[in-house]
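Everything on this sheet refers to the single structure shown next.
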Amino acid sequence: MMKFRFRRQGTDPQREKIKQELFAFNKTVEHGFPHQPSALAFDPKLQLMAIGTKSGAIKVYGAPGVEFTGLHKDTTAVTQIHFLPGQGRLLSLLDDNTIHLWELVAGAPREVGGVKKEGVVSLQEVGNYSLPGRPGIESCSATRVTVLLLLRSCDLLCIGTEGGGVYFLQLPRLSLKDNHTLLQDQVTQSLPDDYRCGKSLGPVESLQEHPQQSGKILIGYSRGLVVLWDLSTRHADQLFLGKQQLESLVWERTGNLFVSSHNDGGYSVWPVTSGNTCSHQPVTSTIPYGPFPCKAISKILWRTTQTGSPVLLYSGGMPRASYGDRHCLTIQQDKDHVTLDFTSRVIDFFTVHSTEPEKEFDDPSALVVLLEEELVVIDLQTPGWPSLPTPYLAPLHSSAITCSCHISSVPPKLWERLVNAGKAQQGRQHTHRSWPICGGKNLAPPPKQQELLLTGHEDGTVRFWDASGVALTPLYKLSTANVFHTDCDPSEDPQDPSDDPDMQQEEEWPPFRKVGCFDPYSDDPRLGIQKISLCKYSNKLVVAGTAGQVIVLGLSDERSDHLVDVSVVDLLQDREGFTWKGHDRLEPRLKPAPFPPGFQPLVLVQCLPPASVTAVALHAEWNLIAFGTSHGFGLFDYHRRNAVLARCTLHPNDSLAMEGPLSRVKSLKKSLRQSFRRIRKSRVSGKKRTITTPTSKVQEANAALAEQEEVAPVQRRIEPRSADDSLSGVVRCLCFADTFLRDGTHHGPTLWAGTNSGSVYAYALEVPGVGTGRVCERGGASESSVCVEAVLGKEIQLMHRAPVVSICVLDGRGKPLPDPYEASQDLAITPDMTNAHSVLIASEEQLKVFSLPKVSAKTKFKLTAHEGCRVRKVALVVFSSTAQEDYSEHTLVCLTNLGDMHLFNIPGLRPQVRFRVCFYLISPSEYERFSLSAKVITEPLFSVQLDRPLEPTPAR
């Protein structure tokens, strides 16, 4: 009798409708700092800021929650951006010499999961222009644009070029006014003979409009000449015969003087007077950091104040020999003088000040500095000019991110304590004035739940971010460095002087002040955080690092000085034949150390050998932590301070596991050699298999027939991995669960561990006071004498030896078991403990569900065989319906190495939908946020009040 095993099931319309109500892919927002910023602009009327990048992106920011992005068609660097104030339009100049006009448009209403959504405001290109070459000019670089000036009337754009010409473009039509073009020859004719000397004036370096008389502009040439040009009469009102190479120009508010900065590190003040057509010398000329040779002052600003003394701001100008490698910006006002010292290059800066014509003074309130790796805002109204904390654009990569963890539905009490701890940290370092870039109005409703993003960094810090809305805001920073003696410790005092402004010892001259938080250098690479686990109900946190350190921390609202308990767990258990060749373990401090309010260390567990921790698990209700490295895994009772279990998972050929992360060259060579050996071995074994006995041929035929019955014709054949692979003992995942392991009637605590070689170890735990397990007593029955025990219950070896990525135990209804404290505190539905449980094991190649306690296979999905991809990350997520308030489904979400997101139902493992999200890693400094839920979407929703009506997006 023939059986049709592969009958294709037709699509169920009802199920397809449910899928649409549950799942929908939406790219929502980008968190972090733009990669490779190259231009900056500010609209003083709309209070919006724009940042251009080298990849051709323009990102506009206003009040927290107000942000949108525009992308040029070509990935060409944006060199300049200029707003048309109040209009919601901006101009961009690209590195390919093209000028583009953008404007805000209202998106059309859309339907997401059957729900009508408002259209999202976006930035759309509406025109572009490329300056034509001049006839008779040998080089096309003569018309290369060097600077743009938008007149206050917003109807004319002045374009300075490398050949010294100035062109004029009508807006918004982007048409050239040929009769207004000003060539360098016209200016040269009016120069004195002794200044002309047959030399070229050089490129146009700066264009500035007169602040009081519209139609008059300053034109600054590279050679040093500055011309006050009247556009209406097409005549030079005044010439300023500078002799030093020019960098930038800025007007004083009254228009009676202007300031020029130069490449020798100096600046000059020039008077503008009627009747004097030629000025040979400035009023004053200063090299602030002279007399020795200095670097150029690339940009300078002059802002007037009611106090009488102007605020002078300029970038560069440092002494070449001593501080030529510093990235600095100076603020001067009367006797106050501060040199802001940054860790990355200054791209551009502007001040937030009064621009209304009726106001007499500028009165700057804030300085905004765009750096290569971060955005810094300085409060200019508070004495001392402190920095403002940024509600967005914080540099996620201030120290290299080594791991991350997302926590949803954070309890209000924990959230409040974290916010208070963060405020205590910022109290002495930042001012609390309002954010100066406040354009637009955030219309998004308050988040229904608070979300945390935890990032672990190379410098040993863990940063807590508010991920509840569009803006990713820093909340609190935890440092683990003061638990140890590091290679760069200056003394026994763990206090970091840079954290306390009163302890900073500023150099006498220049008066440097370290500003910003971007610091890519780590004092000790062993401090790097590799794994994070947080229990949001017990306020317990576990962080594990590169040198085998596992730290258990508790949340405290008060400062504390205490000694951290230290325990050492030897995972090799004196196993012979293995010698650790990597770094030494970190030395813990032997004296009490000060810990500020927030998470404070309780216990330090150090693994031997001190290899990087690859997996951690925390069960705060049982007071247990589990940790794994490339050598094995351990179980520790942090309440009683004793090690419960140490299991070595090393294979005899795991020599690479003994070299540590600092021996990568040897490891690479060795892995290449082993790869070639495996290839040769597979070829030889293939030849050997052809010469077999009749019995073996029958066995192979039967096996092939059985495989054909189980595998669909479209599946790829997957070769089993060799047991001799290096690093096969690496522990990839750990999991605690209260389930049935010994028999089907008694459940209890268990620990599950998965390795790189496809091995899964399941231990039955005897936890005092939990379940019906017996209690181990040591010399008595007191609470302090009882201990936790672990007994190996099951050991599973996956057929193809693919690395185990995740393990999750499902209850009798096929739902994931709740987190610790959720069931006992009625925060989640009590798991079904009457029906048989199962365990879901996800390897790099397939997803498989086993029944418990027999561990027999129930169902599986061969992802690599079907799709040709490998599993990278998996998570179990609850999706709620947009149509039915009380309907939801638990779904397995799987991210592959191809950048696809696969969704499966559980426990059946039937594919639901697949989304391509290969763009999620857009840059080294940003997170890409997207939603898979049709109901829960975090996206910008705001309004902007313009001087013109907001046009809808044109139909395409």
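A Cβ is built for glycine as well, from the same backbone N, Cα and C atoms used for every other residue.
For reference, TrEMBL has these:
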- 489-507: compositional bias 'Acidic residues' (COMPBIAS)
- 286-386: domain 'Lethal giant larvae homologue 2' (DOMAIN)
- 486-507: region 'Disordered' (REGION)
- 71-112: repeat 'WD' (REPEAT)
- 452-466: repeat 'WD' (REPEAT)
Within the repeat 'WD' (452-466), residues counted as helix, strand or coil by DSSP: 0 helix, 12 strand, 3 coil
Confidence summary (mean pLDDT) of the domain 'Lethal giant larvae homologue 2' (286-386): 95
Secondary structure tally of the domain 'Lethal giant larvae homologue 2' (286-386) (DSSP, helix then strand then coil): 4 helix, 48 strand, 49 coil
Residue counts (helix, strand, coil, in that order) that DSSP gives for the repeat 'WD' (71-112): 0 helix, 26 strand, 16 coil
